[in-house]
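> Quick one: structure below, then a few questions.
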């Protein structure tokens, strides 16, 4: 479009007696417009900054991030990895909030993907009942605001569930009550870090085995089995280390003490409500994406793949998935981003995520600009990181056209 | 009777036999759709078991054991089996209209009915004419007059008393009307290759807003916007939330419209320029009509998302449908009937959203004329 306009302008200015007036030259006009718009924006920004400075002066608020070092003075209900106390600084409180946001988002993404894939496939099931149930799920979840769902889950957990002393015993060692979810964890044992190492070694072993299998297939034309040996290496190595370490089976089971459960691990009702809401809501959208992606691969692809003698697993792995993923990945990325951003609704039910910590700090210090900028900067960073990673993955699986 | 060439007997032609009873009718449908193969049979049995576990108790709670009569809260509390719709009967005006003055609530009611009529009217494609925009602006003006009053003998009602469904609809409709032109400009700006600064501003705006959650914009509007204003100027909380919603939606909407713009073949631009149209003539007569037509279904979907997102204003203390509902069970007497309240407004939200998503699917089919790319 630009080249055309320029060429036209150039062609018209060729005869010297009919030179284009300067205000009709598209290039000059573009520059004038941009200068005007930029000037307008700068003027507006200057005006707002001026007002802000006057207002801050009037309210005697000092700007700057100096308050980060001050004592926060408020407790945070739950914190992962960081040991936080009310006497710690605001900076540390923000870090706890950010980690809480990341924790609920990561777990939410994993669970939502699992449910979403299952529901998406179920909607395409040849089983009429299963397909209908899945579409009821999708239509209900997608068409009710997330905040309403969060309030519902939180209300249900904190009001309808039994009190701590009569907690529902879902499975041996798992208790659900108004106080959240309490569950048993293995007692710490020196063999656990070694099992982790063995798992990492197992991943390395899988890569080696896969390379060997490819080479063998290239030489002999017979593809060695993949599924069983790979699972065996991944599960077997840590299992072996566990056996060598004396096979410790001691579990730290939550026991009901005087007022509450002692021992084991626990999840607060706020976290549980947020996780349930985010997972079920996002899974509804993911199910539709998965369904659309699978439907977009023509049936002829399956038939052709079977006709050239691929096994069922190979058809799925080599023909269907690569084509479906290409359609599924970009919208899935934006759903992951949405889930992360939606985790900010935590503030409504009192889960101490980034927004909630920023909100409390803002109310205590009055440093609105700093607190909100920090919050926005964190979300921007998370968003850009996720989209960078997913774009990289998307480029890797994109169709290479010649 | 024997065929001389094949040596086989050639029987008299017979009428086609009926298919076996197991492949037609109800039985055939059951076999084909529920019990084809052991895996599907297993799934069907599991699903039936699940339904049997969930549906009868749910229906009992919702309908058969529920209290429909207008009874006091104590009676409801004694009935532990079923829902207490008496709560909704008692409080439906608080839920629907929030804190709006009780004797004036016919005004928001008339306004909401009028808006719904305009929305229904706009669903027919034969009314998609330029004057439809004027109809919307007019409807909005009447709506605001009805809510605010102060003229034609209507008692003035302060905007912080507006609430419930009328407020939710107001936020959504004003968002739709204002965000649309804004997002058109943003989308065009993002594609203005000959104006790098304008393009950079638009890209920066769109990506920044899309990267942060709506709640952070709402916080910004309620805490930072007052700081930006000259001393003595205060902005109404409703307008601040509305600005945040418009800013948020316009960035998503502009990306949808940009998708439509990108889907147009280059020849459309070149043809328009060859006819000597100016930039705005080209956009108005050639490009935008086609680009918007392509992107109407995703635009409706964006509006659907926005309608759900209006519920977030509850966090910054605007009494929309959600917060009004929470206030309706605030007093301890009705405290435990929050489920009924949530189910009630979930039905309202759901009906709006379900209608919009079905409508967008319908448009997608109706508008697809093979013009894409």
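Keep in mind that glycine also has a Cβ here, set from the backbone N, Cα and C atoms.
TrEMBL lists these features:
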| type | residues | note |
| --- | --- | --- |
| DOMAIN | A:98-390 | domain 'ABC transmembrane type-1' |
| REGION | A:1-21 | region 'Disordered' |
| TRANSMEM | A:30-49 | transmembrane segment |
| TRANSMEM | A:104-125 | transmembrane segment |
| TRANSMEM | A:146-164 | transmembrane segment |
| TRANSMEM | A:191-210 | transmembrane segment |
| TRANSMEM | A:230-251 | transmembrane segment |
| TRANSMEM | A:271-290 | transmembrane segment |
| TRANSMEM | A:371-393 | transmembrane segment |
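Help me see these features in their spatial surroundings.
Outside the transmembrane segment (A:30-49) by six or more residues, the chain places 23 with a CB less than 8 A from a CB of the stretch.
If you look at the transmembrane segment (A:146-164), the same-chain residues 6 or more away from its ends with a CB under 8 A from one of its CBs are 176-180, 256, 259-261, 269-270, 272-274, 276-278, 280-281, 342, 345, 348-349.
Beyond the transmembrane segment (A:191-210), the same-chain residues lying 6 or more positions past its ends with a Cβ under 8 Å from any Cβ of the stretch are 226, 229-230, 233-238, 240-242, 244-246, 248.
Away from its own ends, the transmembrane segment (A:271-290) comes close to residues 78, 104-105, 107-109, 111-113, 115-117, 119-123, 134, 137-138, 140-142, 146, 149-150, 152-154, 156-158, 180-181, 328, 331-332, 335, 338-339, 342-343, 345-346, 349, 351, 353 of its chain (Cβ-Cβ under 8 Å, at least six residues beyond either end).
Note on the transmembrane segment (A:371-393): residues 94, 98, 101-102, 105, 329-330, 332-333, 336-337, 340-341, 344, 354-355, 358-359, 361-362, 365 of its chain, located 6 or more positions outside it, place their CB under 8 angstroms from a CB of the stretch.
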